[in-house]
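Listed features, source Swiss-Prot:
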COMPBIAS  32-45  compositional bias 'Polar residues'
COMPBIAS  76-99  compositional bias 'Low complexity'
BINDING   E173  thiamine diphosphate binding site
BINDING   R275, 397-418, 449-468  FAD binding site
COMPBIAS  306-325  compositional bias 'Low complexity'
REGION    541-621  region 'Thiamine pyrophosphate binding'
BINDING   D592, N619  Mg(2+) binding site
Amino acid sequence: MLTRQSRLLRRIPPPNAVLQSGLQRRHRSTDRYSNNIHTSSTQNAPAPVYDAPIREKGMTIEAKERVRAHARKIQSSASTAAASPAVRPQPAQHFQAAPQPMPANTPRFESDGQVKNGLDYSFIGLSGGQIFQEMMLRHDVKQVFGYPGGAILPVFDAIYNSPHFDFVLPRHEQGAGHMAEGYARVSGKPGVVLVTSGPGATNVITPMQDALSDGVPMVVFCGQVATNLIGSDAFQEADVVGISRSCTKWNVMVKDIAELPRRINEAFKIATTGRPGPVLVDLPKDVTAAILRTPIPAKSAQPGHSPYLPSNPLNPSSQPSDPLPGDADLITEAAQMINKAKRPIIFAGNGVLSSPEGPKLLKELSDKGRIPVTTTLQGLGAFDERDEKSLHMIGMHGSAYANFAMQEADVLIALGVRFDDRVTGKVDTFAPAAKAAAAEGRGGIIHFEIQPKNINKIVEAQIPVLGDVVASLAELVPQIEAVDRSAWIGRCKATKERYPFTYTPSQEGQKLKPQEVVQELDRQAEALGKEKFIISTGVGQHQMWACQYYRWTEPRSWVSSGGLGTMGFGLPSAIGAKVAAPEKYVIDIDGDASFSMTAMELATASQYDIGVKVLLFNNEFQGMVEQWQDLFYENRYSHTRMTNPDFVKLSESMGTKGLRCTKLEDLPRMMKEFLEYDGKRPIVLECLVSSEHVYPMIPAGKALHEQLLHPLLRNGSE
């Protein structure tokens with residue numbers, strides 16, 4: 001009877017089979033075994049004996065030695081030991097190749113006269129990087145924000161010393177994204193970002209989500225490893241198409257150089273069509289380094305002419321056309337409801353700012369119908385707040401009088417808004433008078449919106465008008481009748497006087513109040529001309545005080561992160577805004593916590609002579625979080641206190657002028673110096689401010705009329 005060990009040995013395959021299967025499994029040549037494998041045939045090798053019974057432990061070792069000895073005698077032919085095919089194909093021709101010298105001023109390649117039979121021959125002989133530059137020219141791109149890296153070098157080499165557009169190099173890719181947002185919000189043109197693969201691309205995820213939340217057009221081009229390396233966990237490889245799918249309107253990887261012009265056209269069209277937003281184009285290195293050898297369809301190389309672009313439900317034609325208004329019958333029905341209303345209110349959002357005509361039509365609607373206007377945070381500037389019909393911003397930290405008026409209105413005219421939770425408060429209790437009027441057939445909610453998914457998503461509208469908001473307004477305004485609503489306007493005016501924005505002024509020897517700083521800026525900006533000013537902010541209490549105490553009068557003068565609430569947004573977005581409007585005062589009102597997240601971008605502003613002005617509130621706290629901890633967490637300040645650097649010295653170390661204001665009596669003089677400083681150089685004015693709460697405030701889960709008022713107003717609350 002065989003022992004257990006001998007039975008196991010019977011199951012071992014012949015040694016030559018073991019060796020050959022091992023070689024196949026590893027895809028290796030026989031070089032590593034050349035010291036102990038012969039090159040002659042193995043056919044006559046004697047078969048090993050496995051059947052000898054093993055009764056002692058020592059014999060186990062002896063049996064193993066016999067197997068090893070037999071393995072050393074195995075002979076192998078060259079054909080048997082040949083290496084298996086490589087796991088990957090050879091890299092593309094241009095991958096890892098030394099870049100070819102590019103002329104200092106790459107010429108523009110005109111397609112006129114090079115289109116035959118519907119094919120464009122103008123790109124033949126150009127690299128993917130050169131095609132990228134040409135497409136930027138065709139889309140009239142004047143500014144690019146980005147950061148180089150290995151996978152995107154063919155593109156950076158193609159735009160080397162390009163005279164056709166300017167490039168701003170930030171200190172972090174997130175900064176590039178926010179700069180592109182600021183540029184887009186002020187100019188109305190899509191912001192363009194160019195970064196490398198891996199971390200370069202993932203660092204732009206936050207700006208893309210921010211742009212998606214606030215409807216900002218942005219086109220992000222990122223490098224990628226060569227196509228033959230995709231999926232191999234190569235250096236700086238990341239599935240950025242998968243990662244960015246939920247934070248972009250559309251994304252794509254370009255897999256062949258011939259499709260590059262078409263994909264770029266699609267990106268710009270989708271970013272700017274309908275509700276604007278971010279798109280991403282992933283560019284593998286071998287695609288941007290390759291040379292185009294064949295003509296491409298002419299239409300695919302022309303901006304706005306992409307025959308493969310999915311149809312826009314509002315514009316089925318692939319050709320450019322004017323924005324389409326909503327259904328004419330619904331617009332007429334909306335006009336009839338407005339004309340019959342006794343207490344209508346206009347609720348204007350960012351959609352009104354999508355066209356220069358939007359604010360003009362909004363004013364005409366308000367004046368003609370004698371209708372008060374309130375705005376969202378992103379709608380600031382759409383309506384002149386000096387107008388007596390202005391109710392300023394609505395919502396969690398909006399004006400008390402706007403919140404009260406919203407609850408009393410019998411007709412709500414919502415223009416380009418999403419009904420965000422910061423605006424509605426508890427949805428079930430939002431606009432109760434309008435809902436009651438709808439039930440009685442004498443009023444209700446009218447919602448003008450371009451994005452279908454926003455219709456009836458949060459608040460049910462009695463008249464939903466799907467289409468371009470500004471185009472719909474152009475159809476609506478002529479149908480509005482002049483109605484005497486002096487009683488309603490008078491009630492709104494009385495409420496404004498009863499519940500103004502309020503704070504307790506600072507006393508001698510005390511720190512500045514942040515509200516005082518914003519009011520001084522507003523006073524001096526009014527004297528210089530509000531049309532010359534653009535204000536950006538970070539996220540936090542300072543953002544709300546800027547909304548409340550600066551009087552907004554001009555479209556596209558407000559740049560802030562609303563939907564996502566991105567701390568660190570203020571400074572880089574101000575840089576982008578200043579690039580878009582170099583002739584204007586661009587001021588970043590920021591808090592110490594928010595500013596610290598992207599403070600290194602001061603070095604960018606200094607390097608490129610971008611004259612942004614940072615008005616910095618320093619209270620050494622994460623103020624908004626501290627306020628919630630005060631009100632709802634029994635003053636337990638869990639990790640909200642800041643230890644800050646010397647911001648003046650920090651600014652000076654980056655080539656930026658720094659000022660510090662500690663007393664109210666010095667504020668007017670220092671604000672004047674701050675505003676009059678060289679418009680081509682950045683400056684920081686740090687104001688040491690006290691910790692304050694932002695009022696009014698609507699607690700989570702409460703209705704608009706259940707807002708917390710400033711202590712000075714609470715005795716008179718309704």
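Heads up, the Cβ atoms here are built off N, Cα and C, so glycines get one too.
Each residue contributes its Cα atom, and for E408 (FAD binding site) and D592 (Mg(2+) binding site) those atoms are 39 Å apart. Residue counts of the region 'Thiamine pyrophosphate binding' (541-621) by helix, strand and coil are 33 helix, 16 strand, 32 coil (DSSP-based).
Of the recorded residues, N456 (FAD binding site) and E173 (thiamine diphosphate binding site) place their C-alpha atoms 37 Å from one another. Checking Cα-Cα distances from A402 (FAD binding site) against the binding-site residues (E173, D592, N619) with a 10 Å cut-off leaves nothing; none qualify.
Taking CA atoms as the reference points, D468 (FAD binding site) and N619 (Mg(2+) binding site) are 43 Å apart.
Checking each of the binding-site residues E173, R275, A414, I450, Q462 against N619 (Mg(2+) binding site) by C-alpha distance, the shortest gap belongs to E173. Secondary structure at E173 (thiamine diphosphate binding site), as computed by DSSP, is helix. The Cα of the residue listed as 'thiamine diphosphate binding site' lies closest to that of D592, out of the binding-site residues R275, A414, I450, Q462, D592. With respect to their backbone Cα atoms, D592 (Mg(2+) binding site) and R275 (FAD binding site) stand 33 Å from each other. Non-local neighbourhood of A414 (FAD binding site): F347, G349, I445, I446, H447, F448, E449, V459, A461, each in the same chain, at least six residues away, with C-beta under 8 Å from its C-beta. Take the binding-site residues N456, Q462: by the count of other Cβ atoms within 10 Å of each Cβ, the lowest one is N456.
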